[in-house]
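To keep things clear, I will list the structure first and then write my remarks on it.
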Amino acid sequence: MKTLQSTLLLLLLVPLIKPAPPTQQDSRIIYDYGTDNFEESIFSQDYEDKYLDGKNIKEKETVIIPNEKSLQLQKDEAITPLPPKKENDEMPTCLLCVCLSGSVYCEEVDIDAVPPLPKESAYLYARFNKIKKLTAKDFADIPNLRRLDFTGNLIEDIEDGTFSKLSLLEELSLAENQLLKLPVLPPKLTLFNAKYNKIKSRGIKANAFKKLNNLTFLYLDHNALESVPLNLPESLRVIHLQFNNIASITDDTFCKANDTSYIRDRIEEIRLEGNPIVLGKHPNSFICLKRLPIGSYF
């Protein structure tokens, strides 16, 4: 009987039983959601920390790896030899001599040849040395020369064409040397000095001075000339021929025999003293001159 009562009571209570609300499941869901966000937040923060740490490390320990082109350039720069110095770049002349604004002074330094000159040279003073010869090579690359002075050397020979490229040369002094003949002279000379040499008349070509239309001063004194050079240009003002071996002159030496009206008015001085010639025997040789030559008339 008691068993039957218990069974009936159980049947009455079963419909009233409801499942408990899924609080644990909900809280687990909420927890899971929070965990996911937390893990994502942690991951993000961790990534940013690592990125910042990595950036700091890179900034401190950055190693730049050059590309192939820059490596080759550095290699080329390292192995490319310097260009050899040119002879003129070393400027040996300016160590031995004095170079000032286009002028080179090589006086009394015992040189026996023309030294290499700076290309911009305009004036060379090489007086009182031991130079024996002048060559075309000496001035081949110095086109701006205007004055050359070789007074007091031992020059015996001047190579053909030595002055051929010196189109601007105005003054040339070869005084006090050992010359037997004259070289071909550049066309723009205004002054030529070859006194105190051993030049004879056969050492001067017939037209040596003819085309020198700017020649103003001619010094050939103290040589061995037997006659006055022919075809002297009209531009001459001063002619020094003293102390040679000149024994005679003609009516055409300074004047024009067939033109009695001809006046050579530019000549200011002719010196003929110290020669065997007696000027008084040649009166017609000076009728075109404004001043008589200096010399012996008796």
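Cβ atoms here come from the backbone N, Cα and C positions, even for glycine.
Around Cys288 (disulfide bond), the same-chain residues at least 6 positions away in sequence with a Cβ under 8 Å from its Cβ are Phe254, Cys255, Lys256, Tyr262, Ile263, Arg264. Residues or ranges marked as disulfide bond in Swiss-Prot: Cys255-Cys288.
What Swiss-Prot lists as O-linked glycosylation site is Thr80, and the listing cites experimental evidence.
Look at Swiss-Prot and you will find Asn88 (among others) tagged as N-linked glycosylation site, backed by sequence analysis.
Sequence annotations record features per position, and here Swiss-Prot assigns N-linked glycosylation site to Asn214 (among others). The 10 Å shell around the Cβ of Asn214 (N-linked glycosylation site) contains 12 further Cβ atoms across the protein chains shown.
Under the heading N-linked glycosylation site, Swiss-Prot lists Asn258 (among others). Long-range C-beta contacts of Asn258 (N-linked glycosylation site), restricted to its own chain and to partners at least six residues apart, with a cutoff below 8 Å, are absent.
If you look up Swiss-Prot, you'll see 112-131 marked as repeat 'LRR 1'. Residues 87-88, 91-94, 96-97, 99, 102-106, 138-139, 141-142, 144-155 of the same chain lie 6 or more positions beyond the ends of the repeat 'LRR 1' (112-131) yet place their CB under 8 Å from a CB of it.
The repeat 'LRR 2' annotation in Swiss-Prot covers 132-155. With a cut-off of 8 Å between Cβ atoms, the residues of this chain six or more beyond the repeat 'LRR 2' (132-155) that come close are 88, 102, 112-114, 117, 119-126, 161-179, 183, 193.
Per Swiss-Prot, repeat 'LRR 3' is recorded for 156-179. Sequence-distant contacts of the repeat 'LRR 3' (156-179) (same chain, at least 6 residues past either end, Cβ-Cβ under 8 Å): 132-136, 138-140, 142-150, 185-199, 203, 214, 219.
The repeat 'LRR 4' feature in Swiss-Prot is assigned to 180-199. For the repeat 'LRR 4' (180-199), the predicted model reports an average pLDDT of 98.
What Swiss-Prot records for 200-225 is repeat 'LRR 5'. Remote same-chain residues near the repeat 'LRR 5' (200-225) are listed as 170, 175, 179-182, 184-185, 187-194, 231-246, 271, 274 (criterion: CB distance under 8 Å, separation of at least six residues from the stretch ends).
Broken down by DSSP into helix, strand and coil, the repeat 'LRR 6' (226-246) contains 0 helix, 3 strand, 18 coil. The annotation repeat 'LRR 6' is assigned in Swiss-Prot to 226-246.
Taken from Swiss-Prot, the feature repeat 'LRR 7' applies to 247-277. Counted with DSSP, the repeat 'LRR 7' (247-277) comes out as 0 helix, 4 strand, 27 coil.
Summarising the annotation, Swiss-Prot assigns signal peptide to 1-20.
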Chain residues outside the repeat 'LRR 6' (226-246) and at least six past its termini with a C-beta under 8 angstroms from it: 195, 200-201, 204, 206-220, 253-254, 264, 266-277, 294-295
DSSP-derived class (H/G/I helix, E/B strand, else coil) of Cys288 (disulfide bond): coil
Contacting positions for the repeat 'LRR 4' (180-199) when only residues 6+ beyond its ends and CB under 8 Å are counted: 134, 151, 156, 158-164, 166-174, 205, 208-209, 211-225, 240
Secondary structure composition of the repeat 'LRR 5' (200-225) [DSSP: H/G/I, E/B, coil]: 3 helix, 5 strand, 18 coil
